[in-house]
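Here the structure is laid out as structure tokens; the discussion comes afterwards.
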């Protein structure tokens, strides 16, 4: 049964006038200026790093499939930053927290979940690419055609967006308590669910279904190709050949572990174990540090990316001279 402090949204116009208050890091008033500067620098560096990789791949006339997927991944991280950063910085700039409308909160949640799900499916597509590259190198060009890559990218985006829409609608149809104070720096699913005035675990079922579709299913799709890759690597007798084959997968594995480690901790657990302070720290890593690490990991590990970045900077320097 709903609690006494619930606000039933029987009136159709309630959703348009209803607001939430994002508390952000309001408990750290003395560190507000320092945190604002750190967040701003991290966001700017993240935008610059992912934008450079995105432009470098787009400007390349011939792109192998892995670089095509990497371009999609950089685009997702750019959108991540633009969806989360403005409200996160505003919650630090305003002492009492930043207000967000009902529609704005729902939109932010939908975009965040859709982008995260698309990234999970994209990592699965990239793992299939690595499987074909290691296990079927002679058929790589024929199997990983441009048409297949486009279809995979489109399926990743549309599938994740559909699941995110269903989850967002289910969450925002719940009755919310009158406080409407979200102890977070963005409209994350567990933080908003914590405001729901229900005593049962029914509201968590849509989140559980979304976790199965957006986390567990892509994880299985990532695990299966890598089991085949591991089997193929064991058959390679030369240590040099084995190391060369493994090096083509290490960047993707590192990003997969980063993404799934934080996402699993935040979303795959019961509502009773919700801890605002702990969740904000993990979300901080998930939404800020992880997107910052992606360009660093790929630029350090991928020779093609480093070569394209050098060519792009060289073209820019020549253009400036001319």
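These residue numbers are counts, starting from 1, taken along the chain as shown.
Glycine is no exception: its Cβ is also placed from the backbone N, Cα and C atoms.
Within the set 181-200, 281-300, the record from TrEMBL flags 281-300 under the feature transmembrane segment. Remote same-chain residues near the transmembrane segment (207-234) are listed as 113, 116-117, 120-121, 123-124, 127-128, 130-131, 134-135, 160, 163-164, 166-167, 171, 189-190, 193, 242, 245-246, 249, 253, 256, 260, 263-264, 267-268 (criterion: CB distance under 8 Å, separation of at least six residues from the stretch ends).
Long-range neighbours of the transmembrane segment (109-128) within the same chain, counting only residues 6 or more positions beyond its ends whose Cβ lies under 8 Å from a Cβ of the stretch, are 66, 69-70, 72-73, 76, 79-80, 83-84, 149, 152-153, 155-157, 159-161, 163-165, 167-168, 171-172, 186-189, 192, 210, 213-215, 218-219, 221-222, 225-226, 252, 255-256, 259-260, 263.
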